[in-house]
Amino acid sequence: MVKVGVNGFGRIGRLVTRAAFNSGKVDIVAINDPFIDLNYMVYMFQYDSTHGKFHGTVKAENGKLVINGKSISIFQERDPANIKWGDAGAEYVVESTGVFTTMEKAGAHLKGGAKRVIISAPSADAPMFVMGVNHEKYDNSLKIVSNASCTTNCLAPLAKVIHDNFGIVEGLMTTVHAITATQKTVDGPSGKLWRDGRGAAQNIIPASTGAAKAVGKVIPELNGKLTGMAFRVPTPNVSVVDLTCRLEKAAKYDDIKKVVKQASEGPLKGILGYTEDQVVSCDFNSDTHSSTFDAGAGIALNDHFVKLISWYDNEFGYSNRVVDLMVYMASKE
């Protein structure tokens, strides 16, 4: 089992740790966060407003974080190059601060003895992998990889199934996206993106997202064929993708439902879900899929032009894929 260090104990860092303990697929051996001391880590890991209390034991003991009886080394370094991952036995590092997202910056972890780095965010220059879509293109010459974004992880599996079966001529995506930590509780300054600084709980906020264009990086045949935007809405978690696309081959909406259902039960099982239930966003809280196709919500204008809807827990689904990507990488060592 691969030994993992986590840099940044925020939403994704904590939930990757939860996903690791829930699944038992990887071994968390170290956590670094300069802003959260050990006792605070215990509290933050145990209690979660969105996903509920951790089902297990968590305590501080002898300067370590102990989860379900397993001791985890704690570091509080600001500079990633100073974290002694090797001493803690961490082979892979999950870079989840949101700050060190380039090859150069994330590469600092290798100086402390880590063998590989998984960036839990899109990266300008690191190769991006989406489980179920292009993870098989990974090869172990790569030291630093990106798990792309939560939205790309939702959109790409659906786009792959549609493109493989009917061909996507072009498409536009909108994600109706839950609040994240980068937003403001009340109106405040926000650099160049003025709208992003408006109160998150009070507004529907149009925002940019690179998620659709990023699909072109993980599915090269779709490069230049998709783009998209986001609406940030006042919900704490769970988002939904609306993919509106023109199809090469004519398809009835029932044909689309059929191929997505088949994929969800076959090659994309556990990654792409399928439901015909009358669901709403809360129904996907703590769901581990990257994407769940909502068969009842989509519409077709004609046999070549459709709007497809897919839900995702933007925190927990994504965190589970980070774990799955590490498991896959470890299988190639």
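Just so you know, glycine gets a Cβ as well, placed from its N, Cα and C.
A quick note: this is a predicted structure, and the numbers were derived from the prediction, not measured.
Record note: Swiss-Prot gives Arg11, Ile12, Arg78, Ser120, Asn314 as NAD(+)-binding, and the candidate from Asp33, Asp37, Asp277, Asp283 in that site is Asp33. Record check: Swiss-Prot places Ser149, Cys150, Thr151, Thr209, Gly210, Arg232 at the D-glyceraldehyde 3-phosphate site, and the matching candidate among Thr102, Thr180, Thr275 is Thr180. Swiss-Prot tags one of the stretches 81-86, 129-134, 243-248, 321-326 as motif '[IL]-x-C-x-x-[DE] motif', and that stretch is 243-248. The Cβ neighbour count for Cys150 (active site, nucleophile), using a 10 Å radius and every protein chain shown, is 29. Taking all protein chains in view, 31 other C-beta atoms sit within 10 angstroms of the C-beta of Asn7 (deamidated asparagine). Once Cβ contacts within 10 Å are tallied over all protein chains shown, the binding-site residues Ser149, Thr151 are led by Thr151.
Once Cβ contacts within 10 Å are tallied over all protein chains shown, the recorded positions Lys3, Thr209, Asn314 are led by Asn314.
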